[in-house]
Amino acid sequence: MTLQQQIIKALGAKPQINAEEEIRRSIDFLKSYLQTYPFIKSLVLGISGGQDSTLAGKLCQMAINELRQETGNESLQFIAVRLPYGVQADEQDCQDAIAFIQPDRVLTVNIKGAVLASEQALREAGIELSDFVRGNEKARERMKAQYSIAGMTSGVVVGTDHAAEAITGFFTKYGDGGTDINPLYRLNKRQGKQLLAALGCPEHLYKKAPTADLEDDRPSLPDEVALGVTYDNIDDYLEGKNVPEQVARTIENWYLKTEHKRRPPITVFDDFWKK
C-alpha cells in the first residue's frame, strides 16, 4: 500500500460522494450521539463565516431541529458562537452564515481582551510572544470560550475538521483541533462545497479563499499560501488521483510532520514518532 493509499484510508476519504447521502449521514451521526447521551442538551460551534463552520453549523441546526420534532424535547439547542478578535474584516460573511444557519441561539464573545491579557501576563514572566504563537493563542482562546459555554449549557463542542484539513494538520493543537465531535471528518474541501450547494447556501460563503486569519503581520493569509499547495491539489490527492511529484511530496511532508496533532498525547506505548 502506498503512502497515499494509507493516508486516504486513515482519513476515511472517498473519491466521489452523493451530497444528499453525506448530509443525511452527518445529521444522523449527530442525532445518534445526542440520543446515546441524553444528558447532552446543546451543540456549541464557533462560526467564522467560512465554508467549514457554515457547513457544520447548518448540519448541527438540522440535527437539533429533527431531534426536537421527533422527541418533543424542547431543551435541545444549537448555540452558534461568534468569536471575533476586535473587529473581524469579513464580519458580513459571518452575519450571512448566521442567516443561512438560523441557529437557536447566537452568542458573541470578543476574545481580544483575553488574548492581550494573557500576552501581558507572559510578557511579565519574561516570555514575548511571536506573531505566529499569538495566532495560536487566539485559536485556543476561542476554544476555551466554547468549552465554557458548553459547560454551562450541558453541551458538547463541535469541530470543523475534515480530510483536507486533517491531512496537513492545518489547525491549532488544543485550539480549533480540540473538539468533542467532528461531523465533517471524511470530506475533502470540494465535497464540503457540494454539501453546501445542495443545502442552498449562498455561494460567496464557500467560494471565498479559505483563511485561518490568525496572524496580525499577515492578515487574512490564504490557507493555500501558508500550505504551499492548493486545496484542489489536496482534494485530488485524497481522491486517489495522480498529482505532480512535488505536490505529493509537500502534502505527505505535512501529513508526516503533523501526525502528533491527529493523536492523543504521546505515551510510552507509541512508536509512530520513531518511524
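Keep in mind that glycine also has a Cβ here, set from the backbone N, Cα and C atoms.
Listed features, source Swiss-Prot:
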| type | residues | note |
| --- | --- | --- |
| BINDING | G46, I47, S48, G49, G50, Q51, D52, S53, T160, K189, T211 | ATP binding site |
| BINDING | D52, E165 | Mg(2+) binding site |
| BINDING | R140, K173, D180, H260, K261 | deamido-NAD(+) binding site |
In three-state DSSP terms, the structure that T160 (ATP binding site) belongs to: coil
Number of other Cβ atoms within 10 Å of the Cβ of R140 (deamido-NAD(+) binding site) across all protein chains: 20
By Cα-Cα distance, the member of binding-site residues G46, S48, D52, T160, T211 nearest H260 (deamido-NAD(+) binding site): T160
All-chain count of other Cβ atoms within 10 Å of D52 (ATP binding site): 22
From binding-site residues S48, G50, T160, the one whose Cα lies nearest K261 (deamido-NAD(+) binding site): T160
Distance from E165 (Mg(2+) binding site) back to T211 (ATP binding site), taken between C-alpha atoms, in Å: 12
Where G46 (ATP binding site) falls in three-state DSSP terms: strand
When distances run from the Cα of G50 (ATP binding site) to each of the binding-site residues R140, E165, K173, the nearest one: E165
Pairwise CA distance, R140 (deamido-NAD(+) binding site) versus T160 (ATP binding site), rounded so that it is a whole Å: 15
Pairwise CA distance, E165 (Mg(2+) binding site) versus S48 (ATP binding site), rounded so that it is a whole Å: 16
